[in-house]
Each structure stands twice: as C-alpha cells, then as structure tokens.
Amino acid sequence: SQPHLGELTASHVTSDSIQLEWSVPKGTFDSFTVQYRDAQGQPESLLVDGGSHTVTVTGLSPSHRYNFYLYGVLGQKYLGPISLDTTTGEGVCWIHPSPAPEEEKPPSQPHLGELTASHVTSDSIQLEWSVPEGTFDSFTVQYRDAQGQPESLLVDGGSRTVTVTGLSPSHRYNFYLYGVLGQKRVGPISLDTITGEGVCWIHPCPLWVLGLGSPTPPKEKPPSQPRLGELSAPHVTPDSVQLEWSVPEGTFDSFTVQYKDGQGQPQVVPVDGGSRRVTVP
C-alpha cells in the first residue's frame, strides 16, 4: 500500500514568511515538493527531504494571499496534492501571541544584471551575463528550439558565459536566464536574438565563409546530438496514463515530463536516462 498525505497547516505566519507543517498518517515518502505562485504570479517550487514534515517559505509579500500545494514524492510518482490557502501578515505574528521582537533581516539576495549575445553564428549563440551583487549556486538557460520544444541548459555558478549550439539558421530565439540559489530561482533576465545565415556576426570572417573565395575548406560537423522519437500513451486508466517514447539516436542523461494537473497546476516528473516509459498518476 502506498503512503498518503494528511493535513497541511500554517503553524507560524509573518509579513514575509509562512511556516508550513503537514502529517503523513501512513508510510514514508522519498521527498516532498511545495508549489505556489509568488506575488507576481510566477510559479515557485521548494524541495523538502522525506524525513521532514515542516518547511518555512520565505521572501513573501505582506498582506498577500498564497495557495500552497504539497506533493509527496515516491520514486518517480507524485502523490497528492494537499493544499492550504493563507495570507501573510502585516508585520505581526498571527499564530503565537508574543512581544514583537526586532525583526532580523535576511542577508540580501544576489541579483542578475544584463544578458547579452557576445558571438552569433548560423547554428550557435554565445551568451554572457553579469551578477552585480552576490553569488549563485548555478544558472539555468531556457529557450525553445526551432520546432517549439522547450530546452534547458544548466551552468555552473562560477561561470558567466555559455554557448548554445544546435540552433537553426536565421531563426529568432528568446533566451531566459535564471539564477539558482538553494531551492529558489531568481530572475529571469531575457534576450531576443536571431541566428546568422552562415556568416560570423561579431568577428571578421575569411572570404571563403562568405562564398567569395576558394577553395572551400571542408566544414567541420559538430558531433551529432541525441534526438527524441515518438511519444505515445499505450495504457490509460481513469486516474493514470502510461507514457512511452523512443530515442532513435544517441542517449540522454535523463528525461523530464511536464504537464498541468486537473487544477491547472504545473507538474514535473523526472525520469532516468535509461528508461523509455513512465506512469503519470
């Protein structure tokens, strides 16, 4: 029998944080995920260890209503959610009456500067960005390929540049860069740019690149990337769907399945790179 979630409550509320607590009447989970939207309507997600039954959500806005959704994670399955609708205070503590202590200000968070394209070719774009204050654990670059499929690149927190390859010539791309700090994402900053037509935009190119000189040297082809085949649903029940897919060429480190549940909330299911199927509850 599977574990199941009990009740989600707010044990302590301030003007910029809410402490959540929940029960697990039966069984254990590998981890928990708390999902909500910030004051600007952007989705946020917190990962909590399976041994914990409490988490404090910080960086909230005063007097703002939040809807929290808690999922239990067991292997590759998400169970739940249980939810809580609550409002932050106006600088006072709602649950436990006490003399108002001096509020400790959290350390200032790092923030992102500007995102630019320092080098553009017909099939790649080199991105650069600045971090005027603080440091991040890592960065994530998100964009859609020429077929409209979402792509994501993970960059080490010490780097300020990444080259996005495998792009299509003369195609417009919108890049979004997030800074990752612990369990929180900061940003994004964005850049709208277009790949070239086989010429080099930033650095002067030899004449043969422009087709004006000869002989034409052989073009070095980048190593072929793995590609996805067809996605199908071979088995469907009233409360689950089994997905299967093919990888005609190459291998992937892992897969991510994204969808919206019956309440319109975004869901994410990670899958090991050696698997070709997953059951979505």
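Yeah, the Cβs are placed from backbone N, Cα and C, and that goes for glycine too.
Summarising the annotation, TrEMBL assigns domain 'Fibronectin type-III' to 4-98 (among others).
Taken from TrEMBL, the feature domain 'Fibronectin type-III' applies to 106-202 (among others).
Taken from TrEMBL, the feature domain 'Fibronectin type-III' applies to 222-281 (among others).
Taken from TrEMBL, the feature region 'Disordered' applies to 216-235 (among others).
Here the region 'Disordered' (256-281) has Cβ contacts under 8 Å with residues 35, 43, 45, 69, 76-79, 81, 150, 235, 239-247 of the same chain, all six or more residues outside its ends. Among the features that TrEMBL reports, region 'Disordered' is placed at 256-281 (among others).
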Ask   = What average pLDDT does the predicted model assign to the domain 'Fibronectin type-III' (106-202)?
value = 85
Message = Please list the DSSP helix, strand and coil residue counts for the domain 'Fibronectin type-III' (222-281).
response = 0 helix, 33 strand, 27 coil
